[in-house]
Amino acid sequence: MGSASPKHTCLKLVISNKEQIFVKGTWFSSHFDLFITDGLQSWTCHASEEEVEERASQWDQPVSEYIDLAEKYLGFQQPGSVYGFDDAGTGHKRLSWTFEKEGTKLEWRWKCQPSSNSKKTTADILDFLMDANIRLSDEVVSKTESFERMKVEAEKCLTQSEKLSREKEEFESAIYAKFLGVLNSKKKKLRELRDKLSKQGTAVEEPVEEDAQSTDRTKTFDEGSDEEMNGEEVEKEDVGTSSKKDDVGTSKDVPAGRGRGRGRKRK
């Protein structure tokens, strides 16, 4: 676990008596180091693995959870927490902070000893702050440049989008105009065909009516002719019958005569 890369934090801490101090923390997986300065003096706190494990067991916490919670409160000043940096005798200081757990307000305290090289400790903290400031400045510049590039790209995209929108509208207008022209032309042709078909239908219906009338007249005439023919046939039959009767009667009245052949001369 000790081989993991440590994390670094630096906190400008405003404590309860308005005093300001800088707390630089180096956090390992099983222990941590604190470097503190007020600009004039500096202090250090080296929390060994044994001390951290003992404190964690007192609070019924795993070591990793204990270190994470300490980093949370000493990496960023937490609202609602009361921080203290009080004298502990012989130049020592006691760094403390409070937090709530399961509705109970708790306090952690760590004793800090005077630095063996106060100037170096203060210089190291200032160097870390300067490096962090440079990194943050570079990051801000990089983010700003990236934002400006994105802004330019966004404006280009917006311009292109507006251009495409206009072209789309123009294209649709042209297509609709052509479509309406074709549609109107087709409708005109359809009307002409409809009118033509209507005229042809009227012209066809008139001969049909005349044929119907002529058929009726022909039928009437045929019926009359049939009746006349039937009457003539009846009359003929009657005449034939009467002629036969007359013939019969005449043959009865006329006596049989001699043949009309020439007689032969007698010798």
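Including glycine, each Cβ sits where the backbone N, Cα and C put it.
Keep in mind that TrEMBL annotations are predicted by a computer and have not been checked by a curator.
Quick look at what TrEMBL annotates:
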{"type": "DOMAIN", "residues": "21-115", "note": "domain 'XRCC4 N-terminal'"}
{"type": "DOMAIN", "residues": "147-193", "note": "domain 'XRCC4 coiled-coil'"}
{"type": "REGION", "residues": "197-267", "note": "region 'Disordered'"}
{"type": "COMPBIAS", "residues": "223-236", "note": "compositional bias 'Acidic residues'"}
{"type": "COMPBIAS", "residues": "237-250", "note": "compositional bias 'Basic and acidic residues'"}
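When DSSP labels each residue, the domain 'XRCC4 coiled-coil' (147-193) comes out as 47 helix, 0 strand, 0 coil, counted as helix, strand and coil in that order. Mean pLDDT of the predicted structure over the domain 'XRCC4 coiled-coil' (147-193): 89.
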